[in-house]
Amino acid sequence: MARYVFITGGVVSSLGKGIAAAALGALLQARGYRVRLRKLDPYLNVDPGTMSPTQHGEVFVTDDGAETDLDLGHYERFTGRSATKTDNITTGRIYKNIIDKERRGDYLGATVQVIPHVTNEIKDFVIEGNDDYDFVICEIGGTVGDIEAMPFMEAIRQLGNDLPRGTAVYVHLTLMPYIPAAGELKTKPTQHSVKELQALGIHPDILLVRADREIPEAERRKLSLFCNVRPSAVIQALDVANIYDVPIAYHKEGLDDEVLAAFGIEPAPKPRLDPWEEVCNRIRTPEGEVTIAIVGKYTGLKDAYKSLIEALHHGGIANRVKVNLEWIESEVFEKEDPAPYLEKVHGILVPGGFGERGSEGKIHAARFARERKVPYFGICFGMQMAVIEAARNLADVSGASSTEFGPTKEPVVGLMTEWVKGNELQKRTAAGDLGGTMRLGAYKAALKKGTKISDIYGSTDISERHRHRYEVNVDYKDRLENCGLVFSGMSPDGVLPETIEYPDHPWFIGVQYHPELKSRPLDPHPLFASFIEAATEQSRLV
């Protein structure tokens, strides 16, 4: 029978509920338990697929093709368990489900209300499909007091009564700010946050208190007294140097012990944290460092590239080097020479993106990397721009472009109109909806034997996650290969180009998929490990 941990947040947003949930999941997993993590998002979008990357951050894609919140990336990286579309739900999805049911007559003429219909939909989502797990950790998005989060709070309150006694625990993540003028940490914001949570009928079992310095014992006792939790259940969550320190830090503070005690599991099996200690040791004691330029379109919000950033650091862990990131807005290269920006870097990465803005700058970055023999990693849009660069400057395809940018006589990159997913033919048109209409999720690819990328994978058969509407036009394949660009990977039916490379370049690889989504600190993705290895070699030349 599954036990449930509900994680809420108070005082301010962006406290790190996702990291806290993921770290707790990793700790329980290290004790041998089977763990599932789920995210409940209060926004009215059906999913984040059409939301601006500079507002919402990264859209994390699962194997089964769901466009989800970036916190699911944290869940996967910390636990190694691949999430599914049933691990994330939004208010928009819930209301859509309810309205669809109402239109079908499923409610038999009843007046559809927030209670019980919305709350029941939320509860059904939380508890279904959990028979194979020991613990289900549910993160509630937003902050206590938000209007949008009210149905979720009511639903998890009801679940505290619906579930068998002793199978639900509430963890409240809060902030204890330091006031320089007073020279002390303040408990009042946490007190008020807990008071508001209690007014909703939820009594936290554990307080996880964020702070930038040690919380004095007297202040912990004060929180225990005023927030009605055991002194041992006031857990300090101090700032750490990197997020992979969090599981060990929380274990030292006793979070996992306290959660298990709240469930009455004593004595609990000891956690095996050796792999996490090795990761943290490699991060703390690098044997070198490299600088990677990320030439992107959404550099104003680094969360737009969250999995990418982490995957690069995973590559650093694999090579025992520190990875420094140089962020460059791609539009800069449309006005300025890229050389002064890129001459000193050890690798260039052009990530995914949408739309014409900044595309020429990415093409210039690809040309610089090709001509100067700097390691280049093009992901999704970054691969497409590298192919357009080759078409223009190597294959003499004047006007080579993408139909994403408008009509063109040389559509080197074009809209995918149809492809096969499973046994079903998927069809799209330029006039179709944007939401949920891309080539999404895991697809297989066949790599050409003897290519650099097949050597990196150690296989010619791979499966990676995709999120794109446009694809390199296979009609240009022969012309490009005659100029030295190798199409090293194709879809199994040979229709869709998946990877490209230059055999005479130290490391120039483009992939249509998103390998960053499958990288883990305990299991770095081979492409990122190889890219950072190549950058390390480049650092000895610069």
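Just so you know, the numbers here start at 1 and follow the chain as drawn.
Yeah, the Cβs are placed from backbone N, Cα and C, and that goes for glycine too.
Over in Swiss-Prot, the protein carries these features:
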ACT_SITE  H514  active site
ACT_SITE  E516  active site
BINDING   S13, D146, I147, E148, K186, T187, K188, P189, T190, Q191, K222  CTP binding site
BINDING   S13, K186, T187, K188, P189, T190, Q191, K222  UTP binding site
BINDING   D71, E139  Mg(2+) binding site
DOMAIN    291-541  domain 'Glutamine amidotransferase type-1'
REGION    1-265  region 'Amidoligase domain'
Check: Just the number: how many Å between the Cα atoms of E139 (Mg(2+) binding site) and Q191 (UTP binding site)?
Finding: 21
Notebook entry, point to check: Going by DSSP, is E139 (Mg(2+) binding site) part of a helix, a strand, or coil?
Noted result: strand
Notebook entry, point to check: Which one is closest to H514 (active site) in space, judged by CA to CA distance, out of the binding-site residues D71, I147, K188, T190, Q191?
Noted result: D71
Item checked: Densest Cβ neighbourhood among S13, T187, T190, Q191 (binding-site residues), 10 Å radius -> T190
Item checked: Among the UTP-binding set S13, K186, T187, K188, P189, T190, Q191, K222, as the record gives it, the longest Cα-Cα distance in Å -> 24
Note to self: Cα-Cα, whole number of Å: S13 (CTP binding site) versus D71 (Mg(2+) binding site)?
What the structure shows: 14
Margin query: Roughly how many Å lie between the Cα atoms of I147 (CTP binding site) and T187 (UTP binding site), rounded to a whole value?
Written below: 24
Next item on the list: Fill in the CA-CA distance, T187 (UTP binding site) to D71 (Mg(2+) binding site), as an integer in Å.
Entry: 28
